[in-house]
Amino acid sequence: MFKCKNGICLDYKHLCNGQNDCGDFSDEGLLCNVNECLQTNPRVCAHKCIDKGIGYSCQCNEGYVMNANDSYLCEDLDECEESPCPHFCRNTQGSYRCDCAEGYVSMDSGHRCRAASGKPKLIFTNRHVIREMNVDGNNSRPLVANLTNAVGLDYDIQENCIYWSDVTHISSSIKKMCNGSKPAVLHSAVQSPDVIALDWVGRNLYWCDKGKDTIEVSKLDGQYHKVLINEGLQDPRAIVLDPYNGYLYWTDWGNQPHIGKAGMDGSQQKIIVNNSLGWPNALTISYVTKELFWVDAHQDYIAYSDLNGTNIKMIRTRDTSPKYVQHIFAITVFEDYLYWTDWELKGVLRAEKYTGKNITTIYQTTDRPMDIHVYHPYRQLPLKDNPCEDNGGCDTMCLLAPGGGKTCTCPENFVLEEDGVSCHNNCVSSMFVCASTYKCIPFWWKCDTQDDCGDNSDEPEECRPYICTPGQFQCINGTCIHPSQICDNHKHCPDGSDESDCDEYVCVLSQFKCPPHNGSRRTASPAAASVTARRTVLAATTSWTVRCPPASADWFSCNNSKCIPEVWVCDGDQDCSDGSDEMPDCSTRQCPEENFRRVVVCNNGRCIPYSWKCDSDYDCPNREDEDSEECQGSHTCEQSEFKCNNSKCIPFHWKCDGEDDCHDQSDEDGCPVNCTATQFRCDDGRWETYCVTYCFSSTATTTTNNFILTRRHTRKTTT
């Protein structure tokens, strides 16, 4: 448009037509039909000059943009800011150049990079099966079948092993299988290890346990288990490792969702991303370009950044790609593509990694697909100068550290000697110290016919006959009791052997020790004897001797500086030893709004999250959070939730997933029968359709092993 001197705008076709269209004759006159672009000394435009009826305009050549301060000048456009290359981009004057990393073949002038050797594969967990296929979704085959609920996954290219976590409400475990052999159990005392990550340089295995709010580590054979990080975590979800730089990264779903970074030895813990996050669900790393890729399953987007969490760029969102970005669980990256699993779509998808273009579903699943990885040697290239070579000289475990260093560390219940490499035990008196495996086990595991130490030192020849079920305490007279009954001030053994030496007995983590009272001796009691199930989990995983985080509304600071969860205040139990959490004015207490998005005030003054109301758990002492009329039918769930017949609210995508999440089967009533990949669909022709498991050659062995695992897990969780 042409702007007249009086401010009126005209189409250029009205210029120099002999009519006063502007009203001030500025569209007519001496400047009409003068071609300023013919001027060459000096040129009126740096690049292109476009002549107009009156005046002219300047344009820039491809690869340049107009100077922000001078519309007659052009400056180079940095195309690399838009990441047009899958690996490396080098800006040139008026253009750019794509290069591929060493070991990759450049195609299409570097706009595609292909591994020079080896054919990449995709492996992913699908609850009951671990499956392998080509990166285009073809040639799918099961690697491991007959699993309960396989979630986390990783692999070791060096020893041809795959590792996975099997997560259920009853028991969870971490397992491995090498060269097609029988699966071996590495860890059974885990709660919810949704994601695992393998360090192929230091030869260690890491995992997030969102049941215990910890990041933990062990050797690849399961030895020397250690809790690496247990502070600053509320609901850790995903974890990836960068052995080349000695860092690990994780996502957390807690009250303050974030992406964190720390040394692989647990040092230098910090938050690097905490904006625009709801449920940071999936996380992966591009070792070639040194970038993090992640997915938020609440905000529904895919993004990436550098390894410090800066220069964040969005790739795809649910708004831009509603058909393909719905509830992503896991993500991986290789060459030019991102690959991810989506629960809502029940499929594996891929897209160009920077632009998100050419999205396609490459594999459709029956069950929700879980973790996913690209299986290729380039994803686990060796480190030239490995500080943990030959275990770094450490007695037990060598962990990579930032800056190319390493740290010797010790397993749980052991501490590092002053020499920085040796470990000595710090086991409590109620535990037995194994001879050579750096383990502390409950004393009642000794002489129970099970090699719990791994070196058989807990099963010496002089053991008396053991007639109880492994995991039980055997009285001197042969009576069998549960270990929780030891030193509880009641003689469960007829000979009283369960109540001997109780003053010296040190309670395990799931217990607390009552002080002497009125001349009685100290006794051990279950940690959850007078608290709700929610508190049991917290009591087992949190140390209450530390001070509260600064400016945190989720914690309450007792007058004696002890720190307890805010929801324990005014709950009828004295959690602060000085009683300051049960103040006299509890019944008139006002709940601080910032504690939760919505709160419910119990009659006794206890503040609970609104999500605890009408959830079938009694959190208020007088049960008013469950017995109100609102819970009898008028209670409404969020738009993204499904309302059970018992008024409990669950995520809508949990409906018809094969699990009784409502605890009254209402989320599974009327659902079609969808058999898993390892099941056959039966139809008796009369009333029902049902599924049976296919027969595999290893079925009997797998079933037997799972039974043993479940039984053994029951006892292991006490530690």
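One is the number of the first residue shown, and numbering goes on along the chain from there.
The backbone N, Cα and C atoms fix where each Cβ goes, and this holds for glycine too.
Automatic prediction, not curation, is the source of TrEMBL annotations.
According to TrEMBL, the features are:
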DISULFID  Cys4-Cys22  disulfide bond
DOMAIN    76-114  domain 'EGF-like'
REPEAT    203-245  repeat 'LDL-receptor class B'
REPEAT    246-289  repeat 'LDL-receptor class B'
DISULFID  Cys468-Cys480  disulfide bond
DISULFID  Cys475-Cys493  disulfide bond
DISULFID  Cys487-Cys502  disulfide bond
DISULFID  Cys558-Cys576  disulfide bond
DISULFID  Cys602-Cys620  disulfide bond
DISULFID  Cys637-Cys649  disulfide bond
DISULFID  Cys644-Cys662  disulfide bond
DISULFID  Cys656-Cys671  disulfide bond
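Secondary structure counts, DSSP: the repeat 'LDL-receptor class B' (203-245) has 0 helix, 23 strand, 20 coil. Listed in sequence order, Cys475, Ile476, Asn477, Thr479, Ile481, Glu499 are the same-chain residues at least 6 apart in sequence whose CB falls under 8 Å from the CB of Cys493 (disulfide bond). Using CA atoms as reference points, the disulfide-bonded residues Cys468, Cys480, Cys662 were checked against Cys4 (disulfide bond), and the closest is Cys662. Other Cβ atoms within 10 Å of the Cβ of Cys480 (disulfide bond), summed over all protein chains shown, number 15. Each residue contributes its Cα atom, and for Cys487 (disulfide bond) and Cys468 (disulfide bond) those atoms are 19 Å apart. Across the fold, the C-alpha of Cys620 (disulfide bond) and the C-alpha of Cys502 (disulfide bond) stand 35 Å from each other.
Taking CA atoms as the reference points, Cys480 (disulfide bond) and Cys502 (disulfide bond) are 18 Å apart. With Cys656 (disulfide bond) as the anchor, the candidate disulfide-bonded residues are Cys22, Cys502, Cys576, Cys602, Cys662, and the one with the nearest CA is Cys662. Here the disulfide-bonded residues are Cys4, Cys637, Cys644, Cys656, and the one ringed by the most other CB atoms within 10 angstroms is Cys644.
Closest to Cys637 (disulfide bond) in space, going by CA atoms and restricting to the disulfide-bonded residues Cys22, Cys468, Cys502, Cys602, Cys644, is Cys644. Between the C-alpha atoms of Cys649 (disulfide bond) and Cys662 (disulfide bond), the distance comes to 8 Å. Listed disulfide-bonded residues: Cys468, Cys502, Cys602; maximum Cβ neighbour count within 10 Å falls on Cys602. Here the repeat 'LDL-receptor class B' (246-289) is broken down by DSSP into helix, strand and coil counts: 0 helix, 23 strand, 21 coil. Most Cβ neighbours within 10 Å among the disulfide-bonded residues Cys22, Cys487: this distinction goes to Cys487. Counting only the Cα atoms, the space from Cys662 (disulfide bond) to Cys558 (disulfide bond) is about 37 angstrom. Straight-line distance linking the Cα atoms of Cys468 (disulfide bond) and Cys602 (disulfide bond), rounded to a whole number, equals 46 Å.
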